[in-house]
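Participant: Structure below; questions to follow.
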């Protein structure tokens, strides 16, 4: 009892106190608030946790120290765990804190439950604020829990950044009891998906032609073990005219398993090849330019820059990059580089290769020349050289800039130049290539009144009573479902549209208000609203993926106004000691019960006497005066009022875009979204929301910025708020995936084929190769011809790498080369055009109309990754096999193929001929297939599998031409899509991201920004909906589609219908079965009665189906 009285006495004098909870062990102290100073300026930095299973480290009572933070400096709310500790652990004390109002006093009750008896301490103090607040705190909001370490993966940290004596005062400015109904409250639903008749399967039959060269099945008399070859090369650059050369002579290293034999060594054309074991050193390219600086950050990419119009390195003395802890043994941990002289002309100087020793310092030297070298597109040239030496032989690690430009040259002239016939909306402009597939497409085409989905908000041009820009956030309880099947699974999930919760407006705006959209990047754009008669009076609204605030910046003499179609219930002015100086805070509760926080920041420190928001009606709030440079920030108030402090600490700073940067050591990739910010906040950071799949690959440091604030997205689960200016990631790359069949079951095991399997493969390949591939693609659009050419590239791989028949390999290679020549000469049915308006390569198929869909809308940037992925993979296979036969096909045609890569996935802003990352959305973790089309439900993607098929193709093409940046970037995209697609597209039974109402569907169907629709654009058959997320089945498929998921999907959706399906979809579904049951899959394709004309479309071969399922069936049995 004496202990309780002592604690009570202490609490009566200190509002934020240091309390020790004593357990059974008299020498064990559990620190709950690590703070000693009573200064009002001091900020507590600690780690409260959600009350789950945790362990507590024993600490010394004297080990704590006060922490203080300057409001103008960025705060990292890091763990306080520098204390001396031992290894003994105990069950954590479970804390709860509650505050409740009692007239003019606040009673504060803190309770602690140990393994024995509860301990309770109360503190009552006077509250002089004009209005008291009630709130409930649990463990996740208690300040300063120290040395608490998570013991389970489900543990979530909550950053604490609280003023020691934080206080809030409130004053109600407006209250209304007006009732609302109809669209004001519920919005409108857009659920229809237009259906077409174009089937993704290739129905045109091949053009048969007798081939003299055939495989002799009887010659295959023994079983074979196939050693999977992973080719890693340094950059061998085939440069175009007038380009700057910055590359080293091509060289390659082939990696074999430890039991490989010397006769497996293949010599690549124009390269110096040597077999090596994985522990031997490798070469990695850093180009076109890399700037390395000493850093203690675990995120290396932020120290890489590209500057200048030509490649040039900038290195500092004694570089100490820090690499992810998950990387393998040959990791650089301390200063490894000596001073590098880069003082010579930067015109063509570059750092080509770094060898990093795990035990010795490496000296890097670089020679350069200002000489400009001109070469033809088919030549390989070197104008610089770099060497790296170590004092002794040792294993090395290497670093690759993942976002090196593929090229900065003009696309080949074989592509005609012409501006796209699609018209942009008025007021749309950009300094550089215009993005065609990003979240803001609705703002640049059509009426410009459909929303941009900037998770967690949607925003759109508002032209009703309050002209301006509307902001909406919908919650999980506003999801609508419909079309339930007999198992209770909903056909669709849809969010309401058109609920203008708040509207950025101005008293000056009317129906003549103009809208401009500019500064378009892969992550952001800017909307500018202005008076029609005076453009100096304008409102700018930056739209950035992940933004925690909707922000409007008022310029000129605009008189700010906030509107709402829902209507205002109450408006309260608040003050908070957690705000940076000069920020005014308001709490706006709408008539539907939703509360928004509003922060007002002026160019000079604002006070409530100088400026205020005034209510003019239930639907309008007006500023008391016009202020040039006024900033208004709006955010949905968190459900946990304790977490509101983080919005306070973030207010005043807003984001304008983010830069994408990353590096890889060959097995792990680290990358980040580095946000550009404006303004100042109390914490030096702002609020950024992350999607569920981000959490799977966050770097450890991100847990220190977690706030506990959660907001629902429209179709991608719950987002978490972070007090930060960057999102940082580290992820492992699956480097087992290469040319030949692979599954997660196979892992690092070797492929094996029996002689009987090889003989059947030979017979089927002989039959399927009796064609003219050139004639077989005649009359096909870009999508279909890509599928057909790629079909034969997989047969070529099978003949070359599995059957290993040289004569048939050569004849098949020539057959497919002849077909590809049609593309290289741009003489296919719908030639490609370089679009000078949107800076991309498009099909001419729909040049005359946006509604014809002859080429699935490729002309207007639909499906480019689907179409070009097949072509790029075929090119990679041709180049790979050709190089083994001492050919130079890849080097000769590199620029043409690279143009397709650049159109879809240009990684660098330095490439001015193509939009950066046109299709792949790095924030969402997958691509968007829809191009320049307005849609009220936002962007969409139907075929997830053809999305990652592009990344796989790009990876292999990068390996073929020695572009390791491209190769590893493909690996990174695959890794990201594995997380994203298993959250949003594929619904394993334990999926916790999407609602249970649709989990039973097993796949999304078409995933939109605003709706998940279990259907396809070409029909509602079950095999269509699931098959479009399967095709094509390739070595990368199992990395994305897990064995568990595929089996669940098979049992619930496919097995009940498979016997009734007799079409090309049958072959797709059965080959997909090989990802979990390759034995049964192989039995289907090897059956003597198998009918290819019934079960396969012309985009799929029986040869590859047998090679894929058969190899896996043998190797994992």
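Each Cβ is built from the backbone N, Cα and C atoms, and glycine gets one as well.
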Participant: Could you look at 753, 792, 1024 and say which one Swiss-Prot places alongside 867, 942, 946 in the (1,3-beta-D-glucosyl)n site?
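Facilitator: Among the candidates, Swiss-Prot records only 1024 at this (1,3-beta-D-glucosyl)n site.
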Participant: Please find, within the list 66-88, 89-111, 112-134, the residue stretch that Swiss-Prot describes as region 'Disordered'.
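Facilitator: That would be 66-88, per the region 'Disordered' entry in Swiss-Prot.
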Participant: Between the recorded positions 886, 942, 1024, whose Cβ has more other Cβ atoms within 10 Å than any of the rest?
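Facilitator: Compared across 886, 942, 1024, the most Cβ atoms within 10 Å surround 942.
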Participant: Listed (1,3-beta-D-glucosyl)n-binding residues 867, 942, 946, 1024 - what's their greatest C-alpha to C-alpha distance in Å?
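Facilitator: Across 867, 942, 946, 1024, the two farthest Cα atoms sit 19 Å apart.
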Participant: Residue 186 (N-linked glycosylation site) to residue 1024 ((1,3-beta-D-glucosyl)n binding site): how many Å between their Cα atoms?
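Facilitator: Spelling it out, the Cα of residue 186 (N-linked glycosylation site) and the Cα of residue 1024 ((1,3-beta-D-glucosyl)n binding site) are 33 Å apart.
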Participant: Just jot down the residues in the same chain as residue 867 ((1,3-beta-D-glucosyl)n binding site), at least 6 apart in sequence, with C-beta under 8 A of its C-beta; none if empty.
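Facilitator: In sequence order, 782, 783, 786, 843, 855, 856, 858 meet the Cβ cut-off.
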Participant: What Cα-Cα separation, expressed in whole Å, is found between residue 533 (N-linked glycosylation site) and residue 946 ((1,3-beta-D-glucosyl)n binding site)?
Facilitator: 49
Participant: Go through 223, 533, the listed glycosylation sites, and name the one with the sparsest Cβ surroundings, counting other Cβ atoms within 10 Å.
Facilitator: 533
Participant: Counting only residues 6+ away in sequence within the same chain, which have a CB under 8 Å from the CB of residue 946 ((1,3-beta-D-glucosyl)n binding site)?
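Facilitator: Long-range Cβ contacts: 865, 866, 869, 1031, 1032.
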